[in-house]
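Colleague: Could you have a look at this structure, given as structure tokens, before my questions?
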Amino acid sequence: MNHFSINTAARHIVSAGSNGLVIISSFQLLYRPINCEHNIDDCLGHNCKNGGVCVDGVNTYNCQCPPHYTGQYCTENVDECELMPNACQNGGTCHDTHGSYHCVCVNGWTGDDCSENIDDCASAACYHGATCHDRVASFFCECPHGRTGLLCHLDDACISNPCQKGSNCDTNPVNGKAICTCPPGYTGSACNLDIDECSLGANPCEHGGRCLNTKGSFQCKCLQGYEGPRCEMDVNECMSNPCHNDATCLDQIGGFHCICMPGETIERRA
């Protein structure tokens, strides 16, 4: 169905006035169709909130929401912590806020997403000549030769080689004193004392062997029929084939026994 508008214009009519003047008037009727081609802007007075942008439609409108909001009118807060499980890095804890979120970082990390390692060397107190190495929530000082301690503030007692008998020397990082790790058989603060293994308790030599203490160790003097560092092995006297004439050799403690063939009566014992 068409609608029309009427305009008046330019039709001339001549008439005589009462005073003898000639009056010329004109009008014209124009019919213009209206086709409803203009869309009404529904965004006038829209309800988009929190910075949402109104997009006009036909007899309606939509709200384009900013990143942190959702819903028909952008009134619903987006929980970024649920939407982005890894929003906070390196063990940081995510806390949702209205229209945003923030990360609570563990010690040693900083930044919006806890991705920046704090440079602990910036506030470190390594002594002059030491090199600071940053770690996560800590640092360590690399000391020059002759210095030790957590901050390289102590003289290194190991420089004078106080540990003896091939022991390892380490320096106490608190007081700078030498700590000697002794090899087997030695004891004492400088590893200069021999350990008497023969008097430590049970005899280390087996099968009645006699223990003899030596510097840094011990020796076992075994009874007949035994051998080994601790006299732990039985000597097999039959290994030398002491029995003759096809006799069978039986090994014994400290000796052997020959079982002779029929007709042979000679028995040999070691």
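Just so you know, glycine gets a Cβ as well, placed from its N, Cα and C.
Pasting the relevant annotations from TrEMBL:
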DISULFID  CYS65-CYS74  disulfide bond
DISULFID  CYS105-CYS114  disulfide bond
DISULFID  CYS143-CYS152  disulfide bond
DISULFID  CYS163-CYS180  disulfide bond
DISULFID  CYS182-CYS191  disulfide bond
DISULFID  CYS222-CYS231  disulfide bond
DOMAIN    39-75  domain 'EGF-like'
DOMAIN    77-115  domain 'EGF-like'
DOMAIN    117-153  domain 'EGF-like'
DOMAIN    154-192  domain 'EGF-like'
DOMAIN    194-232  domain 'EGF-like'
DOMAIN    234-267  domain 'EGF-like'
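Any idea what these are sitting next to in the structure?
Modeller: On its own chain, CYS74 (disulfide bond) has CYS48, LYS49, ASN50, GLY51, GLY52, CYS63, CYS65, PRO66 as residues at least 6 apart in sequence with a Cβ closer than 8 Å to its own Cβ.
Taking all protein chains in view, 21 other C-beta atoms sit within 10 angstroms of the C-beta of CYS114 (disulfide bond).
Under the DSSP three-state reduction, CYS152 (disulfide bond) is assigned to coil, being neither helix nor strand. For CYS152 (disulfide bond), the same-chain residues lying six or more positions away in sequence with a CB closer than 8 A to its CB are CYS126, TYR127, GLY129, ALA130, CYS141, GLU142, CYS143, PRO144.
The Cβ of CYS180 (disulfide bond) lies under 8 Å from the Cβ of PRO162, CYS163, GLN164, SER167, ASN168, CYS169, GLY188, SER189, ALA190, CYS191, each of these being in the same chain and 6 or more residues away along the sequence. Under the three-state DSSP scheme, CYS180 (disulfide bond) falls in the strand class.
In this structure, CYS191 (disulfide bond) belongs to neither helix nor strand by DSSP; it is coil.
In the three-state DSSP scheme, CYS231 (disulfide bond) falls into the coil class. Proximity of CYS231 (disulfide bond) to non-local residues of its own chain (separation of 6 or more, Cβ distance below 8 Å) is seen for CYS205, GLU206, HIS207, GLY208, GLY209, CYS220, CYS222, LEU223, given in sequence order.
Long-range contacts of the domain 'EGF-like' (39-75) within the same chain, counting only residues at least 6 positions beyond its ends with a Cβ under 8 Å from a Cβ of the stretch, are 99-100.
Look at the domain 'EGF-like' (77-115): DSSP puts its residues at 4 helix, 13 strand, 22 coil.
Across the domain 'EGF-like' (154-192), mean pLDDT in this model comes to 92.
Within the chain, the domain 'EGF-like' (194-232) has long-range Cβ neighbours (under 8 A, six or more residues past its boundaries) at 165, 183-187, 252-255.
Counting same-chain residues at least six beyond the ends of the domain 'EGF-like' (234-267), those with a Cβ under 8 angstroms from any Cβ of the stretch are 223-227.
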Colleague: Against which stretches of its own chain does the domain 'EGF-like' (117-153) lie, if we need a Cβ under 8 Å and a gap of at least six residues from its ends?
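Modeller: Non-local partners: 106-110, 159, 171, 173-174, 176.
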Colleague: Please report the distance from the Cα of CYS114 (disulfide bond) to the Cα of CYS182 (disulfide bond), rounded to the nearest angstrom.
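Modeller: Answer for this pair: 46 Å between alpha carbons.
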Colleague: Express the distance between the Cα positions of CYS105 (disulfide bond) and CYS182 (disulfide bond) as a whole number of Å.
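Modeller: CYS105 (disulfide bond) to CYS182 (disulfide bond), Cα-Cα distance: 45 Å.
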